[in-house]
Every structure is written in structure tokens, then in C-alpha cells.
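Annotated features, as they stand in Swiss-Prot:
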DOMAIN    2-241  domain 'ABC transporter'
BINDING   GLY38, TYR39, SER40, GLY41, ALA42, GLY43, LYS44, SER45  ATP binding site
Amino acid sequence: MIELKNVSKVFTTKKVNVEALKSTSLQVKKGEVFGIIGYSGAGKSTLIRCVNLLEKPTTGNIIVNNQDLTTLSAKELAKARQKIGMIFQGFNLLKTVTVYENIALPLRLAGIPKTEIEKRVEKYLRIVDLFNRKDAYPSELSGGQKQRVAIARALSHEPEVLLSDEATSALDPETTDSILDLLLKINEEIGITILLITHEMNVIQRICDRVAVMEHGAVIESGTVKEIFTNPQHVTTKKFVNSAFAAKIPAEVQKELQRTGEIVTLSFIGNSSGEPALAIATKRFQVYPNILSGNITQLKHEAYGKLVIHMQGEQNEINHALSFLQEQGIIVEGGRTDYGKQVLFG
């Protein structure tokens, strides 16, 4: 559906060349929600703007819907872009026309017949639950409603791909959740492929199937959301994963606790998140866990929980208890023995 082959982008100024995107290859499957996450300056905005050639790559190939966009003429590219919708952080609505006209006007410019325009505007305004505001002006809408209009406008061209450039960054948490729910609904009901960029891990965990982590213009790690959450490899990826969980244990507290036991992180995925494995381990072995912090969150299709505990007891009993927890499908990290990679607490 979307494939980037060795794509790079260099911005040239009078004094210096800035390599915003290093040789990057990426594949997004048809019908999936693929997220790209990174801090400011990571290159994610440059990458997504290269996908529809809003930014022309310096090198490499951009293949969307089996077409290499870098080889198309201006006329062919304009036609190909009609199948690539895009939404932005800033909404980009026309302030002087109504909600209806914000969607209808681009369709008129594309030569769509009047009856078809009327049908599409109503259809997609109903999908985003804003048909009753079709005669309102953007100034009369909330931020979330403006983004819903932008989504309806992008969908009205009936694209096969939807690009989302930090579409929820300007919204409050509650509105962000409603927009993410809408994007998930669109993906599941229409089957549209979504490629989004964000700096917020909650966006990734809520709706994405797979994710790529970017830093300094390059993809440093990628995989399914489940893989990234349960087994992050790069230090930056670990920071993003830990940002989804509020608690941090100060270094001095860690040092003090490690004198009397082990600090261990238990990660639960899917069905294991509801099993009383820790309680069973406590009864079966002579160990005494003290819960330091814990959280459970929802990935796209399954629960994921993380529990940080201070476990006391004889070392042999602790080892048996942690082995038992692993046998129950729980990921064990930290401690003095080799149960997994040490997690980052702060």
C-alpha cells in the first residue's frame, strides 16, 4: 500500500545542508494503522510530507497504491493525490465559508458532479457526527469539531490512504480520545489505510497496529505495538514506552530498596493481565512483594499492564517466584538475575 525505499531529504541553505531524513525504508500494509513516533526534530513530519510529495525527496522512491510517485508527471501526481487524504494539526479550514462548503468546494474543483457532491458531503458529515452543524462556520466550532470537519473533507475524495500529521496535538485529552476513536472507526468500517505521526505514546497504543520510532532523521526501531511495548530495544523507545506509565521511582529510593530486596517490573499482556499470578506466587513461595507502582492500559485490541514491585525474601525463593511468573506469560524485567533487560524508571 505504502512503501518508502531508501528515501532521504536534504534541505539546502546558503550556509549548510541539513539532512532531515536519512536513507529510510518503510512499508505500510493495506488496511492497517501505522504510527510514526519521535521527538521534535526526529524527521517524522518530513517523512509524512514526502509520502504525498508535499516535500520532494532528495533520493529514493515513494510507492503508494502501486504507483511510484517520484516518477509521475505533475498531472499524474495531482490525480494520484486524490487517493491520498491528509489531516493536519491546524485543521486548515476556510474561515469564511460553512462546514458544508469546506467539504464541497474541493470536490467542485475536482470536477465531481453536483449530485455526487451532495451525497458525499452528507455521508461523511454523518460519519464524523457533524451533519447537524453543516451550516455553521469554523469560528462557531470547537477544536475537536474543526478536526472532524477536516477528516470529513479528507474522506470526501474517497482516498485509499489517510495521512495524519499530528492531528490531535492541539486538542485536550478528552477531545483527543474522541478523535482517535473516530479514526479507529473509519479504519475498521471503511478499511482505509492510516499513516500517522505523533510524539504522544497514547496515540500509538490506542489505535495503531504497528509503529516506527524515529530519531535524528532515521528509523531506529519498528514492530507491532505489542512488540514495542513488551520488548523495546532502543533507549529512546524505552523512554516512550515508560511515558505511558505515570509513576517514576527516584534513584535514591531505588538504591535504598535494593539493599533489602529486588526491584522488578512485571508486564502483563492480553489474558495474563487479569490472572492473579502474583498472589499465587506469594502463597507458593516465601516471597513478600510490595507494590511500588502499577498501571493498566488498553492497546488497540488487548490490555497491557505494568507493575513495579519490591520483592523481599531468600534469593532462591525470589528466583523460583520470578520463574513461575514467567511461566504464566508475564514479562519479568530487572532484579539481580537475568530475567530481562533493566527497565528505565526515570
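Cβ atoms are placed via backbone N, Cα and C, with glycine included.
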Rank the binding-site residues SER40, SER45 by the number of other Cβ atoms within 10 Å of each Cβ, and give the residue at the low end. SER40
Including all protein chains displayed, how many Cβ atoms other than that of GLY38 (ATP binding site) lie within 10 Å of its Cβ? 24
Sort out for me which one of GLY41, GLY43 has the most neighbouring CB atoms within 10 A, since those are the binding-site residues we care about. GLY43
Note the Cβ centroid of GLY38, TYR39, SER40, GLY41, ALA42, GLY43, LYS44, SER45, the recorded ATP site, then list each other residue of that chain whose Cβ lies within 8 Å of it, in sequence. HIS199, MET214, GLU215
Ranked by how many other Cβ atoms lie within 10 Å of their Cβ, the binding-site residues TYR39, ALA42, LYS44 are led by LYS44
